[in-house]
Amino acid sequence: MKVCVVGTGYVGLTTGVSLAFLGHEVTCVDLDQHKVDMLRAGKCPIYEPGMEELLAEAAPNLSFTTSYDEGVPGADVVFVAVQTPSAEDGSPDLRYLRSAAESVARSLNHGFTVVVNKSTVPIGSGNWVDAILRESFAQREDRPAGVEFSVASNPEFLREGNAIADTLYPDRIVIGSDSPRSLEVLNRLYQPIINQTFTAPTFQPRPEDATAVPLVSTDLASAELIKYAANAFLALKISYVNEIGQLAAKVGADITEVARGMGLDQRIGSRFLQPGVGWGGSCFGKDTKALIATAAEYNHEMPIVKAARDVNQRQRAIAVERLQDELRILKGRKIGLLGLAFKPNTDDLRDSPALDIANLLLARGARVRLHDPIAGERFRHEQPELAPHLSESLDGVFDDCDAVVLVTEWAQYLELDWSKFVGLMRNPLVLDGRHALDGDRMRRLGYKYLAVAG
Ligand code: UDX
């Protein structure tokens with residue numbers, strides 16, 4: 001089928017490259033010439049394991065352009081995956097989505113096209129995009145005859161750092177539209193994934209337990225709500241284990257054991273019960289906020305989702321409290337933070353716990369040294385105020401340090417030869433913000449080991 005993807009951020013790029021890999025003819029449109037040039041040269045503008053390999057394999061079916069007219073005409077499906085940053089009042093800023101929809105409407109020129117909202121947008125945005133498309137199309141003087149289109153929602157559940165596996169081997173595919181014809185087109189588009197009929201890429205083999213992928217084919221509003229309801233649930237699962245973790249610390253229980261014992265109940269499930277400094281990233285914070293805001297428009301309160309957000313914020317502060325309890329005075333102390341990205345295997349810094357923790361420590365007069373194996377360069381650009389505190393080397397972090405906090409559980413830190421660094425520290429205190437290190441081993445090596453909860 002012929003596919004156009006507007007926007008080559010995380011979601012758009014993964015969607016475009018994966019669909020091209022599956023054999024569809026895909027054109028990715030992005031207004032950023034620099035990004036388009038990079039992608040044409042086979043380079044990925046974001047750090048995502050496997051993406052460059054997939055780009056190479058998909059290359060025969062894939063092109064990149066800055067022109068809507070090269071992608072939209074004749075497309076069976078147009079995915080709109082542009083950024084929806086938070087506006088000042090916290091609501092998503094939909095101006096890029098509006099202008100993308102207007103551009104799509106200007107370029108449609110024949111046949112039936114499904115326009116799919118891939119950006120995470122507030123519930124109800126499908127209808128809003130539909131209205132913009134119709135209005136912009138009606139305003140065209142060169143309006144061609146025989147153009148038909150309808151809007152669908154196809155929420156994305158991919159995790160950064162795991163984007164390709166999550167796209168090729170998803171738990172489910174959700175499509176929503178009020179037009180049966182659109183649902184049929186999207187069902188056909190995803191057949192190779194639904195029935196797992198494609199040859200798996202060598203670098204991302206099919207998991208042994210992979211089976212046919214369930215398809216949830218529903219109305220527009222339900223598909224839009226599924227995305228928010230699922231993300232908010234995952235977010236509150238993390239906050240729940242963190243809330244229990246704080247109690248575990250008080251009663252002398254081990255939260256890792258508690259989480260394991262809970263997770264083995266299949267009704268609960270073991271994933272997303274990892275305690276620590278809490279969630280970050282582009283989705284959970286934004287989606288929970290947007291869900292509360294949408295609910296407010298309908299005069300509906302969401303106390304559970306609100307509490308999940310509060311607990312998440314509190315975890316960041318608790319990391320600093322733990323250090324203060326141990327060191328008493330934070331002023332003048334040197335504290336190292338290991339990991340700046342919001343999770344391992346990405347260089348994404350959005351809403352990363354490390355940023356809040358660093359700022360809280362600085363506000364208390366501590367000297368901080370920041371380190372990340374991958375995200376350092378991005379950090380320098382995006383966080384100019386914190387950038388002077390970056391350290392290129394681990395020696396620079398540990399040297400004469402009063403405490404080191406593991407904020408992001410990069411493999412490099414977990415596999416570190418910790419014995420080499422203990423002697424460098426003035427005070428060998430390690431605060432494990434992810435419950436990811438082996439506490440007994442750390443103690444044997446001479447560290448004072450603490451975890452954020454437990
Ligand atoms: C998330 C959702 O998983 C995905 O389905 C959605 O569409 C986009 O948002 P992502 O933000 O890429 O994906 O990362 P994810 O792996 O879900 O982790 C989110 C955050 O939660 C990270 O900061 C992670 O460190 C934290 N986390 C995750 C925990 O603190 N504990 C856990 O048990 C799991």
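Just so you know, glycine gets a Cβ as well, placed from its N, Cα and C.
Bear in mind that TrEMBL entries carry predicted annotations, made automatically and left uncurated.
Database features (TrEMBL):
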BINDING   Asp30, Lys35, Thr84, Thr120, Glu160, Lys286, Arg350  NAD(+) binding site
BINDING   Phe157, Leu158, Arg159, Glu160, Lys227, Phe272, Leu273, Gln274, Pro275, Gly276, Gly280, Lys343  substrate binding site
ACT_SITE  Cys283  active site, nucleophile
DOMAIN    336-439  domain 'UDP-glucose/GDP-mannose dehydrogenase C-terminal'
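Checked against ligand 1, the recorded positions Phe157, Arg159, Glu160, Lys227, Gly280, Cys283 give Phe157, Arg159, Glu160, Gly280, Cys283 in sequence order as having a Cβ less than 6 Å away from one of its atoms. DSSP labels the residues of the domain 'UDP-glucose/GDP-mannose dehydrogenase C-terminal' (336-439) in these numbers: 37 helix, 17 strand, 50 coil. With a 10 A radius on its CB, Lys35 (NAD(+) binding site) counts 21 other CB atoms from all the protein chains. Annotation for the binding-site residues Arg159, Lys227, Lys286: lowest Cβ count within 10 Å of the residue's own Cβ, Arg159.
Cβ contacts within 10 Å of Gly280 (substrate binding site), excluding its own Cβ and spanning all protein chains shown: 24. For Cys283 (active site, nucleophile), the binding-site residues whose C-alpha atoms fall inside a 10 Å radius of its own C-alpha are Thr120, Arg350, out of Thr84, Thr120, Pro275, Arg350.
When the binding-site residues Asp30, Thr120, Phe157, Glu160, Leu273 are compared by the number of other CB atoms within 10 angstroms of each CB, Phe157 has the fewest. Counted over all residue pairs in Phe157, Leu158, Arg159, Glu160, Lys227, Phe272, Leu273, Gln274, Pro275, Gly276, Gly280, Lys343, the record's binders of substrate, the longest Cα to Cα distance measures 24 angstrom. Just so you know, the Cβ of Arg350 (NAD(+) binding site) picks up 17 other Cβ atoms within 10 Å once every protein chain is counted. In this structure, the C-alpha atom of Asp30 (NAD(+) binding site) lies 25 angstrom from that of Lys227 (substrate binding site). The binding residues for NAD(+) are recorded as Asp30, Lys35, Thr84, Thr120, Glu160, Lys286, Arg350; their greatest pairwise CA distance is 25 Å.
In this view, Thr84 (NAD(+) binding site) is surrounded by 22 other Cβ atoms within 10 Å of its Cβ, with every protein chain counted.
Between Leu273 (substrate binding site) and Thr84 (NAD(+) binding site), the C-alpha separation comes to 29 Å. Comparing C-alpha positions, Lys35 (NAD(+) binding site) sits nearest to Arg159 among the binding-site residues Phe157, Arg159, Lys227, Pro275, Gly280. The recorded positions Pro275, Cys283 differ in how many other CB atoms lie within 10 Å of their CB, and the one with the most is Pro275. A distance of 7 Å separates the Cα atom of Gly280 (substrate binding site) from that of Arg350 (NAD(+) binding site).
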